[in-house]
Amino acid sequence: MAAPGNAEQTQLQDMEEDEAGVEEREMESDEEEGMGVENSDDEEDESSEDEKENEAEIQRLEEQLSINAFDYNCHVDLIKLLKHEGELFRLRKARQKMSELFPLTEEIWLDWLKDEIRLTEEDSNREKVYELFERAVKDYICPEIWLEYAQYSIGGMGLPGGIDKVRSIFERAVTAVGLHMTKGQTLWEAYREFENALLSTLQPPPGRIPGHEEQDLLNSQLERIHTLFRRQLAVPLMEMETTYAEYEEWSENGVPETVVHQYKKAVQQMQKCKSYEEALLVAEPPKLAEYQAYMEFELKEGDPPRIQITFERALAENCLVPDMWTKYTTYLDRQLKIKDLVLSTHERAVRNCPWTMSLWKSYLLALERHGGDHHTVSDVFEKALNAGFIQATDYVEIWQANLDYLRRRVDFTKESSKELEELRAAFSRSLDYMKQDVEERFGESGDPSCVIMQIWARIEARHCKNMQKARELWDSIMTKGNAKYANMWLEYYNLERAYGDAAHCRKALHRAVQCSSDYPEHVCEVLLTFERVEGTLEDWDTAVQKTETRLNRVNEQRVKAAEKEANLVRQEEERFEQRRKAKADKKSQKKVQKGRAGEKRKAERDDDQDEWNEDSAPKRQRAGGDNSATDEFMETETGLFGRNAPPGYKPTSGGGAKKPQQQVGVPPQNQNDDKQELRDDTSSVFISNLAYTLEEPEAKLKALLETCGPIKQIRPVFSNKGSFKGYCYVQFESLVSVSEALKLDRREVEGRPMFVSPCVDKNKNPDFKVFKYNTSIEKHKIFISGLPFSITKEQLEEMCKNHGSVREVRLVTYRSGKPKGLAYVEFADETQASQAVLKLDGMDVEGNKISVAISNPPRRSMMDKPGSSRPAADVMSRQVYGARGKGRTQLSLLPRSLHRQTAPVGKVENGTAAERATASTAANAAGESRSLSNADFAKMLLNK
């Protein structure tokens, strides 16, 4: 019984253990489930937070677009965010808005089309996708979009007319991009595969002879495939040999001779273009230079389809280059003249570069040239006004183009018409637009000469015979600051002469004599000529009296102005002389102080020398030499260059001390000891802008520069007191190390930028400059001011690269390394720089409102540059225009007799500074020295 009892006990123990294990496993599973619930809750919380952040960002982008709908990057960011969130309805709406304002890129269109294809699986909705494809293929010539379009249409070939629709799309595709040398072959092959698939459906089953109709369909399909092969082999495409081999294998009767001839001709053309295609393959985007060379080649070849496809390929990658669009549209206007192609290309041009006025102007002319309806032309003009041109004069030109169009619509044989009233209303609106919109935005009207009003007045006078309106317009022109210009009065006089009467002509000329200030002599001459032809004796006398009075007053004004200018010149000369004397006195004082310090140091050296001589006299006598020169040399080394003198340094005996004569027959001591190396500038660099407090500069620079190559020596420069002066010379073993060292320029060393430049002897190259500032406008570079001091180069580059390809970013700093809040950013071309100015100007960066403009650095005056050795005579000639120089619009009232090269001024007892300059010039010309009196000077002015 014991054994069974033990067995039962053992079974009970096993059951208890199993139950305990089950309970333990259940508890573990419960814990795991609880942890899983907690993890899922955490993930849901994180996802909800992300959704909230994304929704807030979406709302911010939508609000920004409501303020500025033309923010391209904002549209792109919104579309990406909505696609990530799966907001399909809002995504479709965002894409729709962007496509209305901008042409979309190939990537954006393909994403949109694929999303719409997935959403519209029913056949009833296929037409909406077809409409979307039609919009997509109009923006750019994109082989991928055409291929996607054709493949999507194959899905509907089972519908009524489906096969014909597929063939129609394929035909349009090969017409549009079949000449694309690298991507056209894909479309041709897809077209042939589609036709081969149809051919397989027409093949009868094995063993059955096709009927007459079936055989006709079969032969027709075979001929269609033959034709596709022949058409493709006549087009120069890459890898044509593969297509030719495939045709040989497919054709039962071989390749016809005509096809072989066309194929060989296409291969020859392909070989001509191969170098351009290879250049495009290896070039970096946007490949503008390569495309321009390709287009020049195709234009010389003169094949219109190939010229068109080359332009389209170039514009697909350079869609923001206005010159490219201008060249393309000009070619289409003058050569092809196909209405649909011309107008669609003009429309694409202004959508890609809406800021370019010339493209809008060409578009308006093309619409008129091809008979566009008036409503369409008006709509295009209104869009042009809202395009945001960057110059006030652009608005003047676009208004002129529209007014020219409206004038050509008017039939002036009728006294009054709807077109004439529309023309007059347009003229009135243009003047209001210039006064309100343009002046408010640019601070100027863009039409200072009132060209639009002049045209209006001439139309009223010539075509409408309405001189009263023309005179009112000219009165308005003169009140806008044009009354002082003789050419404006003469323009009005000519109008009166042609369409008015003699009385108004005389009145206009009399007003011109009184008001014009730039060419009064010419206006007076015109008045006298007019009275000789038209006037009475009384009219002649009046004209002579008025002209004489006016000319006398003008001469008096010119004399006063000349005297005033001469006084300014004299004052400037005196100030310059005072500055020169003060500078010379300061320099002489420094020399005196330096001489005294040198004498003091010399006295100290003499005392030390005497003491040393007393202690070491026996030794010197035994050596039979004199060490004074060596001692002096070593003092110079320590005083000027610290521990080591630069290679090639040659000491000179200074301070009035003469070098002692060496004893005859005894070589000087240490003459060959520690011989100095010859200086080698080609393997050296000059390092400056280091901190004066830099400890052990030699060791620190060696650690910094040893990566550039083996260093021969480092020569830090010290002052007389032994303090480091902040610059040094570094000589390398090889020339290769110099270029590596120059790459460390502006490297920060203990909080200051280290300047590294080539080591150049200024005595041999006085004009050498490490960095030459550009003094002309740099259209591909922008200048940014008002930046926060905390901004970094990387942050600025990240901010600018959204508007173009950034080549270089340079933050402007003080010599101490502290930022100035200024920067220069160089783009790949001027178009990208212009776009950056439009988008970045006025942007808020870390609480600072920045200003952005095209880089146009001012000219640097020679007198402002340190070390300028400009001759005094040149400086004097620059001062002849007064203290502020001659402004761009300032008229010189100095008589021509005084517009001569000013010679060095000598001492003249009588006369002003201008007289002395004139007297000196006249004396030099006559070969004698004679001064002019005040009477001589006044006589000279009156004669002029």
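In case you wondered, yes, glycine gets a Cβ from its N, Cα and C as well.
Please treat TrEMBL annotations as automatic predictions, because they have not gone through curation.
Under the heading region 'Disordered', TrEMBL lists 1-57 (among others).
For 14-54, the entry in TrEMBL reads compositional bias 'Acidic residues'.
The compositional bias 'Basic and acidic residues' annotation in TrEMBL covers 569-579 (among others).
Per TrEMBL, region 'Disordered' is recorded for 569-680 (among others).
Remark: secondary structure over the compositional bias 'Basic residues' (580-594) totals 15 helix, 0 strand, 0 coil, with classes taken from DSSP. According to TrEMBL, the feature compositional bias 'Basic residues' maps to 580-594.
What TrEMBL records for 596-605 (among others) is compositional bias 'Basic and acidic residues'.
Taken from TrEMBL, the feature compositional bias 'Low complexity' applies to 660-671 (among others).
Annotation comment: TrEMBL describes 683-761 (among others) as domain 'RRM'.
Annotation comment: TrEMBL describes 780-857 (among others) as domain 'RRM'.
Feature annotation from TrEMBL assigns region 'Disordered' to 897-930 (among others).
If you look up TrEMBL, you'll see 911-930 (among others) marked as compositional bias 'Low complexity'.
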DSSP helix/strand/coil residue counts for the domain 'RRM' (683-761): 20 helix, 32 strand, 27 coil
Helix-strand-coil residue split for the domain 'RRM' (780-857), DSSP-based: 22 helix, 32 strand, 24 coil
Composition by DSSP (helix, strand, coil) of residues within the compositional bias 'Basic and acidic residues' (569-579): 11 helix, 0 strand, 0 coil
